[in-house]
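Report on the structure given below.
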Amino acid sequence: MGLVTCKQEREAELQNRQIDTQIRIENQANKRKIKMLLLGVTDSGKSTIVKQMRVNYLDGFNETEVVNAIFVIRNNIIDAFKNICNIILHSDITVTQEEKVLVKLFAYESGKIELMQEVDELNVINAVSGYECIKQFFERFAFHPMVPDHIHYFYPNLDRIASSNYVPTAEDLIHMRQTTLGVHEISFDYTKHIIRLIDVGGQKTERRKWIHFFEGVTAVMFVCSLASFNQTTEEEPKAFVWESSLNKVQNKVLVRSAGKAKVEKPGLINRLDESVDLFKSIRENSFLKMSNFMLFLNKKDLLTKKLTKVVFSDYFPDYKKWITNDNSDVSVAEFIENMFREGLEPEKRMYAHLTQATVTANIEGTFALCCDVIFGKNYEDTNLE
């Protein structure tokens with residue numbers, strides 16, 4: 001009887017050890033899985049960051065994506081020239097009779113260009129890009145609110161892009177603008193962890209889907225474009241009415257008073273204001289109470305360039321109360337960061353980073369800094385349990 005009891009005890013002890021081992025393995029596996037949510041308003045640079053992660057930690061872009069990018073990039077350029085030509089026709093820039101034919105085609109009938117045979121499409125792109133009125137535009141209105149950010153990269157590269165043997169580079173794909181619809185997820189190994197990065201569309205119609213991904217989120221990376229301070233939301237109607245100088249307050253699509261948005265036309269919302277409001281509403285969500293928050297203040301390069309032509313306080317008068325006679329990128333970026341921190345409870349920590357999503361090394365370094373915080377917090381929470 002005693003031998004039977006001892007055998008049963010040994011078997012029970014062995015079974016307990018096996019269970020404990022399995023629990024440790026499962027706990028270790030759970031530790032290694034990190035769920036990150038990438039959020040932000042449209043055109044903030046979220047998808048560009050995902051592309052950089054693919055370049056850094058996965059296999060980059062496949063052949064099909066490269067081929068498809070030819071058409072997407074050229075459509076990016078056509079859409080940009082549509083806005084540019086529309087602005088030109090409503091400004092005091094001189095347009096010759098010869099130039100006016102293609103300028104009006106881009107401004108009012110750009111859809112016809114997209115339907116052209118490739119050789120004809122390339123001919124009109126190359127022709128209009130060399131016009132004197134286009135050169136004047138970039139000298140005077142390069143940072144007009146209606147000018148998409150990517151054209152500052154594509155325009156200097158048009159000779160290469162608008163050629164019949166064009167093959168997009170990885171850098172071209174990173175600068176390419178393609179609206180994120182639905183949910184895009186990638187997973188990759190990073191040190192001893194498995195990162196699950198989820199990118200959800202930033203358009204207003206897409207945001208109702210976000211809540212389905214809030215549970216179990218280790219970190220939220222919220223992306224804001226620093227250069228969006230003179231832009232309005234993309235989904236709202238736009239009016240093409242401009243004066244010839246960007247420095248006049250009456251030329252602004254948006255007029256601000258006492259730090260509050262007052263719009264000339266109903267429905268127009270300043271994109272930076274929208275980004276701040278969205279961040280704060282997400283920060284208060286109960287599902288994300290224990291999540292780390294990383295703020296990516298993106299497009300710092302465009303902010304620097306834009307501030308040489310545009311006065312920040314014309315859009316945010318409260319900036320003058322914060323600092324006087326300073327339109328520098330450093331001060332403006334600090335002011336914008338404070339907009340996000342305002343009203344944030346002390347115990348709710350936020351880690352802010354200045355980023356340039358189109359530069360691979362910048363995102364790689366920033367992501368490493370974020371992971372140092374995220375992994376430490378993740379292990380800390382696990383140990384407390």
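Note that Cβ sites are derived from N, Cα and C of the backbone, with glycine treated the same way.
Quick look at what Swiss-Prot annotates:
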- 32-385: domain 'G-alpha' (DOMAIN)
- 35-48: region 'G1 motif' (REGION)
- 40-47, 174-180, 199-203, 298-301, ALA357: GTP binding site (BINDING)
- SER47, THR180: Mg(2+) binding site (BINDING)
- 294-301: region 'G4 motif' (REGION)
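Shown on the structure are the features that Swiss-Prot records.
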residue	record	Cβ contacts under 8 Å, 6 or more apart
SER47	Mg(2+) binding site	GLN178, THR180, HIS184, ASP199
ILE174	GTP binding site	THR48, LYS51, GLN52, VAL55, ALA357, THR358, THR360
ASN298	GTP binding site	SER44, GLY45, VAL223, CYS224, SER225, LEU226, THR355, GLN356, ALA357
I need the least crowded one of these binding-site residues (VAL200, ALA357), counting other C-beta atoms within 10 angstroms of each C-beta.
VAL200
Counting every protein chain shown, other Cβ atoms within 10 Å of the Cβ of GLN178 (GTP binding site) number 14
Would you identify the secondary structure of ASN298 (GTP binding site) according to DSSP, in three states?
strand
For a three-state summary based on DSSP, what are the helix, strand and coil counts in the region 'G1 motif' (35-48)?
3 helix, 5 strand, 6 coil
For the binding-site residues listed (SER44, THR180), most other Cβ atoms within 10 Å of the Cβ sits at SER44
Measure the Cβ-based neighbour count of GLY40 (GTP binding site), defined as the other Cβ atoms within 10 Å of its Cβ.
25
